[in-house]
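Listed in TrEMBL:
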TRANSMEM  15-44  transmembrane segment
TRANSMEM  51-70  transmembrane segment
TRANSMEM  76-95  transmembrane segment
TRANSMEM  102-123  transmembrane segment
TRANSMEM  161-180  transmembrane segment
TRANSMEM  201-223  transmembrane segment
TRANSMEM  259-283  transmembrane segment
Amino acid sequence: MRALANFVMQGPYQALVAACILGALSQFVLPLALFCCGIIALCVLSRSDSYWLIVLIGTALVVYVSSLFVESRPGLDTPVVLFLLVPLAASAKVLRVTQSQSLAIMVAAVFAAILAVSIQVVSGDAAQWWANWLEEAVEGVKGATYQGFEADGTLRLMNGLVAMMFGFAVASSMLIGRWMQATLYNPGGFAEEFYRVRYPIYALGVLGVVLIVTALFSEAVLYDLLLVFTMPFFFHGMAVLHCTVDVSERSKNYLLPPYLLLFVMPQYAIVGMAFLGMADIFLNFRKAVYRRKDHDSN
C-alpha cells in the first residue's frame, strides 16, 4: 500500500490512473471500490483542490463509461463507486480541516441518513421499493427468492441496513486514505488519531432528540436512523478496543475474537461495538487505561 500511495502522490494523472483501474475493476470485485475511493481520499487529504478534483471527476467519467461496456449486476446498474465519491470527498475534506476522525465519520453517517430519508420520501414505501429491487436482483441467482427477507422481517429494515452499509463504505474509504497518508508522512500517526475517536455526551443527546422527533412522524424513518447512527458509535467502540489493547501492551490476538465475530455474525459485532462506544461516553475506558499505565510506569 505504501508503494501505491507513493505512486498516487507523484501527480494527479498517476492518481487518476490508479483510481480508474481500481474503480473499473470494482465492477467485478466490489471491495476494490473502497481502495479506489481511498486513493481519492488520500488526494483530498494531501493535495490541492484542483489536484483531487481532477482525480475525482476523471475517475467518475472513466468508471461510468466503462460500465457501459460491462454487464451490470442484477439490480445494480450504476457502479457503487459513483455513489461514494461526493460523500467521500466531503468526509475527507472535513478530516483535513478539523483533524478529527470522529467528525469525519459523523459526516459519512449524515450522508447515509440523507440517503435513507430520500429513499423513504421518493419511493413512498421503502419496504416495497426494496422488495421490487430484490426481486430483480435475485432474478439471475438459481433458487434464490426475496420472500425470505419478508418472512424474517429483514425487508422492513432493508432501507436502514443499506444506508448503514453506505455510511460504512464512505467512512472506511476515508480511513483507508488517511492510513495511506500516514504511511507516507506520519508513520504511526493513524493509530494515534484513531484512538482519539470519541463522541461527547451532547452528540448522544442531539441524536436522541432527532430520534424522538422522527418517531412522531415516521416509524420507518426512525428504524432507518437507528441503524445508520449505529455506524459512528461502532467506530467509537473499535477505537476503545484497539486503544485498550495497544496501551495496555496486550497481544494483538485479543483483537481476533471481535473481528471473527464481525465476519461471522456482523449484526452482533456491530451492535456490540456501538454499545461499547456509547458506554465509553459515560465511563471513558481509555482514560482509565492510560491512568493505569502511568501508575505502572511510576
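Using N, Cα and C of the backbone, Cβ positions are placed for all residues, glycine too.
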For this session: Would you mind listing the long-range same-chain contacts of the transmembrane segment (201-223), meaning Cβ under 8 Å and 6+ residues beyond its ends?
Result: 106, 116-117, 120, 126-127, 156-157, 159-160, 229, 278, 281-282
Problem set entry | Ranked first among 76-95, 102-123, 161-180, 259-283 for CB pairs under 8 angstroms with the transmembrane segment (15-44) | 161-180
Exercise. Most CB pairs under 8 Å with the transmembrane segment (102-123): which of 51-70, 76-95, 161-180, 259-283?
Worked result: 161-180
Seminar exercise, completed: Here the stretch out of 51-70, 161-180, 259-283 with the most C-beta pairs under 8 Å to the transmembrane segment (76-95) is 161-180
For this session: Would you kindly list the residues that approach the transmembrane segment (51-70) from elsewhere in its chain, counting only those six or more residues past its ends and only Cβ-Cβ distances under 8 Å?
Result: 12-13, 15-16, 19-20, 23-24, 26-28, 36, 39-40, 43-44, 78-79, 81-82, 85, 89
